[in-house]
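A quick write-up on the structure given underneath.
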């Protein structure tokens, strides 16, 4: 028999639409609950019945491998009936609006909807039209809350804390929902955040988010405890932001020489998918300081914790 969870944390929100709005206590509660699921997922029997009788719909308007499969595994391990909705074969391809899709789905009474959409703010709009809980699995360049939570869990398990750490977020900050969610979370938890990118890949006024800004890797990685690399999101670019991939790697790609600017025990992170030889070298990505594979493992645990914490708030829970 699977032992009862020690954590009784309940997320005091109906939806998880972003890190913005979460308190330090909310984040700590989710991370503590996630820790229990890390241990459960390493056992032979990985099942719990927290979501038995509940319906979870994964609605992805953008292609995804890691996030969608991670949410599917998380839901099934909690006992939910999980449905993956293929947008390519859905009514939206035939002209149905996002709001019509939301109303149609709501008529089927799903308990939890996990939604990814290419437009910033689309997930929040959909959440207004449904009765169940909605989890933002990434909306445009806006937010990706579960990625920030799994990154925080990975850091905390390796460093023992978040407060006071120097975290360098490097690469295409302008188009990255991962960067935005991580900045919000890390600032809330007392870390020191530094963004490192060429000027063309930095949002205007990024300093107002409470970050330091560096425009070269030597300055940006100096004294860093965590080096978080971001890929070039060419699918969101409507022009040329870098001269070439080769030149970008020369100045901003993470290799062993640039990693040496950081602390000797710095962790290397990447949300995936990686473009080896563009933003990160294979030797570093697969090296002893890399926790990239661990991030994937933490993703399932975090998404189980989020589903559990929201389910505890559902009617008849």
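A Cβ is built for glycine as well, from the same backbone N, Cα and C atoms used for every other residue.
Since the structure is predicted, the reported quantities are computational estimates derived from the model, not experimental observations.
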*Could you look at 42, 116, 293 and say which one Swiss-Prot places alongside 66, 67, 144, 147, 272, 273 in the carbamoyl phosphate site?*
116
*Among the binding-site residues 272, 273, which residue has the largest number of other Cβ atoms within 10 Å of its own Cβ?*
272
_On the three-state reduction of DSSP, what should I expect for residue 231 (L-aspartate binding site)?_
coil
_Taking 8 Å from the centroid of the Cβ atoms of 66, 67, 116, 144, 147, 272, 273 as the cut-off, which other residues in that chain fall inside it around the carbamoyl phosphate site?_
64, 137, 138, 178, 271
*Those binding-site residues listed as 67, 147, and which of them has the most Cβ atoms within 10 Å of its own Cβ*: 147
_Check the DSSP secondary structure of residue 177 (L-aspartate binding site), expressed as helix, strand or coil._
helix
